[in-house]
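Novice: I have a structure I would like to understand better, so I am pasting it below and will then ask my questions one at a time.
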Amino acid sequence: MMTAVKQSGVWAVLLWPYLLAVSIQLDCRDEQGNMSRCPFISQEKLLDRIIQHAELISRISEESCSLFEELFVPFPLRLQRNTVGYACITKALPIPSSKSEIQQISDKWLLQSVLTLVQSWIEPLVYLQTTLDRYDNAPDVLLNKTKWVSEKLVSLEQGVVVLIRKMLDEGTLTTTYNEQDLLQYDVLPDMLESVMRDYTLLSCFKKDAHKMEIFLKLLKCRQTDKFNCA
């Protein structure tokens with residue numbers, strides 16, 4: 001198994017500069033911190049950039065989760081992340097989950113669901129950086145991937161906020177972070193508990209990142225072919 005991990009790590013190192021080079025820029029803030037860049041992009045192009053951004057975040061989060069699992073999580077413990085003690089922090093959020101629910105919600109709620117998910121993960125991913133730094137043998141490629149995702153999630157939030165303003169004419173929209181579950185991170189757990197908690201975070205974020213991607217692609221489909229969006 002370690003040979004496979006090493007090989008995947010080698011490929012990740014080789015491909016990482018390429019992924020950074022081809023990643024879509026979505027930094028809406030200027031040097032003064034004002035979101036003055038994205039408003040000058042057309043709604044269609046902005047949505048395309050956001051989707052490409054979300055696709056890459058989803059892909060890198062999946063790679064990070066798989067690498068972490070192979071390196072640190074013994075096989076008998078991999079199913080425990082689905083138990084009550086390791087519930088996803090976004091489980092209680094009013095996010096549509098079934099296909100029928102997703103199909104029925106409005107464009108506004110699709111965007112609001114994406115924004116809610118993005119904002120709910122910004123602080124937990126910052127926390128994840130501090131815990132991964134304590135691992136003695138965490139490879140740089142894992143640390144770099146999680147750091148990149150954490151940074152790009154903030155850019156994705158900025159893009160979604162501007163898109164909401166463009167599509168829904170909600171110029172006074174403000175962003176708020178969901179901190180309802182962050183207090184559980186105040187006490188540092190022992191190493192095994194920390195591994196399982198980090199594994200849960202990565203696994204849950206992987207699923208939510210995929211959900212963001214699906215919502216955004218459905219929104220794009222509704223803009224182009226409203227009656228044939230499955």
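For all residues, glycine too, the Cβ spot is worked out from N, Cα and C.
Residues or ranges marked as disulfide bond in Swiss-Prot: CYS28-CYS38, CYS88-CYS204, CYS221-CYS229. Per Swiss-Prot, N-linked glycosylation site is recorded for ASN34, ASN144. Sequence annotations record features per position, and here Swiss-Prot assigns signal peptide to 1-23.
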Novice: Find the shortest Cα-Cα separation between CYS229 (disulfide bond) and the recorded positions CYS88, ASN144, CYS204, and name the residue that gives it.
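Specialist: Out of the listed candidates, the nearest Cα belongs to CYS204.
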Novice: Near CYS204 (disulfide bond), how many other Cβ atoms are within 10 Å of its Cβ?
Specialist: 20
Novice: Go through CYS88, CYS221, CYS229, our disulfide-bonded residues, and report the one whose Cβ sees the most other Cβ atoms within 10 Å.
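Specialist: Per the Cβ count within 10 Å, the most buried is CYS88.
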Novice: CYS221 (disulfide bond) to CYS204 (disulfide bond): how many Å between their Cα atoms?
Specialist: 26
Novice: Check the DSSP secondary structure of CYS88 (disulfide bond), expressed as helix, strand or coil.
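Specialist: For CYS88 (disulfide bond) - judged by DSSP and reduced to three states - the answer is coil.
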Novice: Where does CYS221 (disulfide bond) sit by DSSP, helix, strand or coil?
Specialist: helix
Novice: Provide, as an integer number of angstrom, the distance between the C-alpha atoms of CYS88 (disulfide bond) and ASN144 (N-linked glycosylation site).
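Specialist: ASN144 (N-linked glycosylation site) has its Cα 23 Å from the Cα of CYS88 (disulfide bond).
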Novice: For the C-alpha pair, I'd like the distance in angstrom between ASN144 (N-linked glycosylation site) and CYS204 (disulfide bond), rounded off.
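Specialist: Between the Cα atoms of ASN144 (N-linked glycosylation site) and CYS204 (disulfide bond), the distance comes to 19 Å.
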Novice: Which of the three DSSP states, helix, strand or coil, fits CYS229 (disulfide bond)?
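Specialist: Reduced to three states, the DSSP call for CYS229 (disulfide bond) is coil.
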Novice: According to DSSP, folded down to helix, strand and coil, what is CYS204 (disulfide bond)?
Specialist: helix
Novice: When DSSP is mapped onto helix/strand/coil, what comes out for ASN144 (N-linked glycosylation site)?
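Specialist: DSSP call for ASN144 (N-linked glycosylation site): helix.
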Novice: Across all the protein chains here, work out how many other Cβ atoms are within 10 Å of the Cβ of ASN144 (N-linked glycosylation site).
Specialist: 16
